[in-house]
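Below is one structure, written out as structure tokens, with a few remarks after it.
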Amino acid sequence: MNSSCCPSSSYPTLPNLSQHPAAPSASNRSGSGFCEQVFIKPEVFLALGIVSLMENILVILAVVRNGNLHSPMYFFLCSLAAADMLVSLSNSLETIMIVVINSDSLTLEDQFIQHMDNIFDSMICISLVASICNLLAIAVDRYVTIFYALRYHSIMTVRKALSLIVAIWVCCGICGVMFIVYSESKMVIVCLITMFFAMVLLMGTLYIHMFLFARLHVQRIAALPPADGVAPQQHSCMKGAVTITILLGVFIFCWAPFFLHLVLIITCPTNPYCICYTAHFNTYLVLIMCNSVIDPLIYAFRSLELRNTFKEILCGCNGMNVG
């Protein structure tokens, strides 16, 4: 990535080829080559990027075409899919650029390479902020569904959801520009780390509160007949909350190594053990791209309506309810 994340080496670097000047000496100390940078073939990044793009485009098409999916939660999922597409597109384009540079088929100026590097890093930054904000928006949506069920449709309308999505992407665009402007400052990394842990803590608090309330509520209505439809509605709300909890868990699992990488760059850039960890940067990028691949699978697994819409789109069927 940019020099604020990964110290520059003797040749132009991009995320997929991040180098650390101290790594060779650390490797010699280890004696086993553990600190050597992990090399991942460009084909892996390209394959993950293509699969992720196709999956997330399918998610967006499904929500747009099926009127039954025109609800705030699914619009937020569309926005999350767009964020996943952005990170996959960024890494794929960057991989292609790295291949071109290494093949010597084109001679590119260092200034141009650095400029493109900042753009790709900015795209990843935008994707990260968008993912966090959309996950938080979905968490709030589920929170309102459970705690204010009777007023949900007046509190969280489609218009409000779309306005919130637009606001999220405007803020993400501003963050992307700021990332390029202050690309040499470590404060960019500090801000990303702070946002990540603050949002995770906030979402964790919301979900704990939701599940504790839902558990108590289910216990209270367990003995009552479900004639009024309260139990099925509560079950539907909880199913949505469980789905988003799974998404949040996968997000944390896939992004946490990358953020630990950033933390170590800030706190112990010369420590041999920290250098060993940061030498596996490419592995953390693969995990990030895997998150973009896994998310659509979670949508399909947890939503029968979305799964059926996927089948109808892929099979070219016309029996779809368009709203």
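Cβ atoms here come from the backbone N, Cα and C positions, even for glycine.
Remember, predicted model here, so these are calculated numbers, not experimental data.
Per Swiss-Prot, N-linked glycosylation site is recorded for Asn2 (among others).
The N-linked glycosylation site annotation in Swiss-Prot covers Asn16 (among others) and is backed by sequence analysis.
For Asn28 (among others), the entry in Swiss-Prot reads N-linked glycosylation site.
Look at Swiss-Prot and you will find Cys315 tagged as S-palmitoyl cysteine, backed by sequence analysis. Cβ neighbour count for Cys315 (S-palmitoyl cysteine): 8 (other Cβ atoms within 10 Å of its Cβ, all protein chains included).
Under the heading topological domain 'Extracellular', Swiss-Prot lists 1-37 (among others).
Secondary structure counts, DSSP: the topological domain 'Cytoplasmic' (64-75) has 9 helix, 0 strand, 3 coil. Annotation source Swiss-Prot lists topological domain 'Cytoplasmic' at 64-75 (among others), citing sequence analysis.
Per Swiss-Prot, topological domain 'Extracellular' is recorded for 101-118 (among others), and the stated evidence type is sequence analysis. For the topological domain 'Extracellular' (101-118), the DSSP-based tally of helix, strand and coil residues reads 12 helix, 0 strand, 6 coil.
Taken from Swiss-Prot, the feature topological domain 'Cytoplasmic' covers 141-160 (among others).
Residues or ranges marked as topological domain 'Extracellular' in Swiss-Prot (evidence: sequence analysis): 182-186 (among others).
For 211-245 (among others), the entry in Swiss-Prot reads topological domain 'Cytoplasmic'.
The topological domain 'Extracellular' feature in Swiss-Prot is assigned to 269-277 (among others).
According to Swiss-Prot, the feature topological domain 'Cytoplasmic' maps to 302-323 (among others), an assignment based on sequence analysis.
The transmembrane segment annotation in Swiss-Prot covers 38-63 (among others).
Here Swiss-Prot flags 76-100 (among others) as transmembrane segment, drawing on sequence analysis.
Positions annotated as transmembrane segment by Swiss-Prot: 119-140 (among others). Non-local neighbours of the transmembrane segment (119-140) in the same chain are 1-2, 5, 14-15, 73, 76-77, 79-80, 82-84, 86-87, 89-91, 93-94, 97, 161, 164-165, 168-169, 171-173, 175-177, 179-180, 183, 188, 192, 195-196, 199, 202-203, 206-207, 244, 247-248, 251, 255, 288; each lies 6+ residues outside the stretch with a CB under 8 Å from one of its CB atoms.
The transmembrane segment annotation in Swiss-Prot covers 161-181 (among others).
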Query = If we call contact 3 or more Cβ pairs under 8 Å (sequence gap 6 or more), are the transmembrane segment (38-63) and the transmembrane segment (187-210) touching?
reply = no
Contacting positions for the transmembrane segment (278-301) when only residues 6+ beyond its ends and CB under 8 Å are counted = 6, 15-16, 18, 20, 23, 26-27, 35-40, 44-45, 48-49, 51-52, 55-56, 58-59, 77, 80-81, 84-85, 87-88, 91, 124, 243, 246-247, 250-251, 253-255, 257-258, 261, 264-265, 307, 310
Request  = Would you mind listing the long-range same-chain contacts of the transmembrane segment (76-100), meaning Cβ under 8 Å and 6+ residues beyond its ends?
outcome  = 14-17, 42, 45-46, 48-50, 52-53, 56-57, 59-60, 63-64, 106, 108, 113, 116-117, 120, 123-124, 126-128, 130-131, 134-135, 137-138, 141, 161, 165, 168-169, 247, 285, 288-289, 291-292, 295-296, 299
